[in-house]
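Visitor: Input: one structure, supplied below.
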Amino acid sequence: MDRGLSTGTHIGDDGLRERFQASQSDSSLGAGALTAAGEVEAKDGTSQNKKTFGRTPDGTVFTVPQTHDMVSQLLSPSEPKNLSDVIVLAILGAHILLLWWLPDFAKIPVFAVIYLFWRAAYNAGIGWLLHNQSHHKTLVRWAEKTRIFVNPSTNQNPHPKLYNLLKRELETKIPTDYSFEEAPIEYNTWLVFRRLVDLILMCDFTSYCLFAIACSHHPVGESMLMTVSRWSAGIVLVLFNLWVKLDAHRVVKDYAWYWGDFFYLIDQELTFDGVFEMAPHPMYSVGYAGYYGISLMAASYKVLFISIIAHAAQFAFLVFVENPHIDKTYNPPPPRKRMTEQDSVSTSSQATEPSVASASTDEPLPQATTPPSGPPPSVHNLLGFNNLDLYRITDTSSILIQLLVFALTVLTPSTPRYQFLFVANAAVWRLVFSVGIGYLLTEQSDCKAWTRHFLKYGETPNEAWNQWKGTYHLSMIMCYASFIAAVWKMYTLPADWGYGLVLLRHVLGAGLISLQIWTSASIYESLGEFGWFYGDFFFEGAHKLTYNGIYRFLNNPERVLGLAGVWGAVLITSSGAITFLALLSHILSLAFIQFVERPHMQKLYGRSLRQDAGLVKSLKRTLPPTLRQLHGSVDKIFDDSFEFIEELIDTARPKLAAGVNTFVKDTTALFQKYPARVTITRIDEDLAGLDSRDYALEIEGTDSSSLEERGDLKNLVFEYGSPIKVKWTAPLNHSKKDWVSLYRVTDNTSREVSRVSSQGRWVATNEGFYDNLTCEKGIITSDIVTENSEHRDVATGEVIFSGDKLFWTQGVFEFRYHHNGKHNVMAISRPFEIRIRRFDEESFEDNQASVEKSLLPVVRNCFDRDPEIAPETVEEQFGSLVERDGKFAKRVVFAVHQMFGIEFAPEVVRADGTVRNLAWRICNAKRVLAPYSMTRDGATTPTEAHEKDEAFTKARVTAMIRRRTRRDSKSAGRRESQLTIHENVVLRYRAWTPFKRIEYMEGSAKPGNSSHPLPVPIPRQAIQNERRGGKKALTQVRHNKQADADNADNNDVACLSRTPQPSSLERLPSSRGKKRA
């Protein structure tokens, strides 16, 4: 990649160091990863020479020859030159001549466009190639399809001249340990890709420097001291950038510099030194210091802004290209924990014990037998826009407070009086946030004062923890909201943006604010909710210190970088009051770390605390031995200041990744909601001679238990998420680029052409004819010659749709067979339905075992039946990939909602971790929601016959109650009271109809399968409405014979079950003659 100051080189090295870090964290894992990757190392016992061996994806082992960096290959006279070198040097020379030839007014815009073109070619072009190579092996497949590396002597290479040219070019560059004919295709493809990278990166850096030259000038009125300082700082940054690049290349060599692990894997010692110990992703962070040094020397805002654009584009390259490949290649999810025989025995013994889960709604998870010593699993996090929940009082209060502060800030004038009030308010809230919270944490650390307060009133430690998180969050919101309000009051728009350093101050201030946001995001990413809210002050346990993320390089990043934003506000406002607030904030934050955090950490972790961070160690190693002994405060301040610069980019990556990922997800959702429509108006010429009757599709899947038959055909209803096998039939001369896709029946109105994008839900019929591998996932067999019903030979094959190639919803779908990579439809399958069977609520008697039995196959389908993540039993833990990829939990949440009518958040599925825990949660939710299940749809909906029976019974009971009330009650108040009690019984009849049988006694009721007491209080308006309805029912009853009415008065009254029979009436003791309460 880039040498010297070039911008992009950093990627490969940086990403590789990140991978090494992940592997080095566990030596056994690292060794296993190397062994699994086939990385072999052979050393000569008599010399220091070491040969490197690589392994291709198909297992081929080969010797990786030694190569040289780009700059030395191009510019060193000792290195052999070839045609590609001449072309690159000629293009670079053309750039220089263009700068000399262009007139002055055209130099800046022309070279701005040229540089942006090469930057786009780097970040977008190379990024697209590497992304497809990582996911689909696109570059290697291109080489296989064109056969450019096949020896022409075999008569299989259609480009013999190109073959000879490539052979001469590559062997000239690598004179030893390399044979063009014997090298694997992956390595040769990588060598050709390197030449393209050399061209793009050299042109990228050269055009940037020429653009800076075109923009450079000497500011009018600048003093000599300022000029010397500007150039000195710029030269230092450029030299530092040069050292970063050279040291990075020394560590990772050309293999990672040119993204070699996208093509093959080699042996690589897990070294972690040099620049990679100073900063994360140094090629993306400090590796761009030279750009800002050149901006200083050019004294041009144009160069500064285009440098910022280039830097941001490089971070996007890291987020979308490097990091996904790193995670896929070097950080696969750990294997799922399998249940041992002892665990299964203990689990089964627990299952045989009497279950009391159905009798209590406050019981914890089934496995819990002792109070938890640690915090509850973080399911509903507090921080982040994604976790905003207006049903939660903390979130609602935070929004209302911010709206109130905003309204007061905007609606009040910016007079000195109001400015003083807002600054004083910000200072008070900073004192509350630092001193007040610090005092509470100190008391909690010493004597658990916060937890004891809640225990005194019968609450649990978990409740104390939740209340603490809300208190800390609200105080933090008020602290920063009041500070922003004070900044708003003290800020005035500049009259002239070009005057002095006004624009520079705003740019630097915005950069510092962004730095604090990135720092906070990185700290939260490393610590999580538990660490962010100081969870180790509240829960004691075997806590283990881990220095990952930003803490790998800094011990206390919030000490400097965490307050960068307040100093950015100082730069933007140039206000003494804001400077006072910034100093106050910084002093209080340092005091908080020194007097609150540090004592608790020393008490909790003792000698396991790290003394020096990675950056400090690296700086100490560069000092002479005499200076290494000095550990004064001056050294600390210097180290912390240097760490500030290092942490800038470290914290930038995760925040930028989160923001860009959110943007991509939103855009993807829009495209899915409004899919692009492709209209094909002409029929391909190669369709001539093909008969669509020779094509056919048959589908097989896991039948749902709710199959229906209509006429002679049985409706095709498949289980949610189950793989669907498609058998296709085509003529022997069918195109090898045919493909089968899955659509909703309503997606396409035409049966000749598919006009809607398949959105990735398609599988090719034959392997090796597309440039990606995703479309080949699912191919079982291809071009099996069989005889059809007309005794003609046809080609058949099978493909299977599973995972992301399915629709994870309910509906009616169809498969379509398309011709030659186009959208012409040759065959359409029978429509089939994907349905989630509704759980039978009549058999739902808090029977957790039945819920587990119904839920297990659904969960396995949602997890793609992958043995690494899908559980085999209800007790088995979910695989760790469920935690990483949220799509699996979302599938389960949708299925649970459709099956049981209970809506969970995806975090609940990840937190439960087993089918048994999830089933328990469903049962518990059903018990809690049982009193509110008076719906007119679903399994509990009464039929028309039931409603008639209910109306008849209700009328008889109401009439009897009114007669008793008139005879026995002597006052209107007592009549109304008694009527309320008995009408409660009548009104509650519908609520309990889902149960098998419900008996009602005087003034109380006890459902046969519910622990909820009845009657439930009913509003007076409902009683009045029922009273009016009772009068109508009474009128109907009066038409009956008086004898029947008297008989009903003396008889007991009972409520009927769902299918009432004459024998199902049970007698209640008559209330006549009894004393009424």
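Each residue, glycine too, has its Cβ placed from N, Cα and C.
Heads up, here are the entries from Swiss-Prot:
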| type | residues | note |
| --- | --- | --- |
| TOPO_DOM | 1-85 | topological domain 'Lumenal' |
| TRANSMEM | 86-106 | transmembrane segment |
| TRANSMEM | 110-130 | transmembrane segment |
| TOPO_DOM | 131-195 | topological domain 'Lumenal' |
| TRANSMEM | 196-216 | transmembrane segment |
| TOPO_DOM | 217-223 | topological domain 'Cytoplasmic' |
| TRANSMEM | 224-244 | transmembrane segment |
| TOPO_DOM | 245-277 | topological domain 'Lumenal' |
| TRANSMEM | 278-298 | transmembrane segment |
| TRANSMEM | 301-321 | transmembrane segment |
| TOPO_DOM | 322-392 | topological domain 'Lumenal' |
| REGION | 330-378 | region 'Disordered' |
| COMPBIAS | 342-361 | compositional bias 'Polar residues' |
| TRANSMEM | 393-413 | transmembrane segment |
| TOPO_DOM | 414-419 | topological domain 'Cytoplasmic' |
| TRANSMEM | 420-440 | transmembrane segment |
| TOPO_DOM | 441-482 | topological domain 'Lumenal' |
| TRANSMEM | 483-503 | transmembrane segment |
| TRANSMEM | 507-527 | transmembrane segment |
| TOPO_DOM | 528-575 | topological domain 'Lumenal' |
| TRANSMEM | 576-596 | transmembrane segment |
| TOPO_DOM | 597-1077 | topological domain 'Cytoplasmic' |
| REGION | 1027-1077 | region 'Disordered' |
Visitor: Do the transmembrane segment (420-440) and the transmembrane segment (224-244) share at least 3 Cβ pairs under 8 Å, sequence separation 6 or more?
Guide: no
Visitor: Apart from its near flanks, which chain residues at least 6 from the ends of the transmembrane segment (224-244) lie with a Cβ under 8 angstroms of it?
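Guide: Result: 4-5, 218, 275, 282-283, 286-297, 299.
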Visitor: In terms of Cβ proximity under 8 Å, which residues at least six beyond the ends of the transmembrane segment (110-130) contact it?
Guide: 7-8, 95, 98-99, 102, 138-139, 193, 196-197, 200-201, 203-204, 207-208, 210-211, 214, 259, 262, 302, 306, 309-310, 313-314, 316-317, 320-321, 325
Visitor: Is the transmembrane segment (86-106) packed against any residues at least 6 beyond its ends, judged by a Cβ distance under 8 Å, and which are they?
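Guide: Those are 74, 114, 198-199, 202-203, 206-207, 210, 213-214, in sequence order.
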Visitor: Do at least three CB pairs under 8 A connect the transmembrane segment (196-216) and the transmembrane segment (278-298), leaving out pairs fewer than 6 apart in sequence?
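Guide: Between the transmembrane segment (278-298) and the transmembrane segment (196-216), contact is present.
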Visitor: Taking residues 6+ outside the transmembrane segment (483-503), which of them lie with a CB under 8 Å of any CB in it?
Guide: 301, 405-406, 408-409, 414, 418-419, 422-423, 425-426, 429-430, 566, 569, 572-573, 575, 577-578, 581, 585
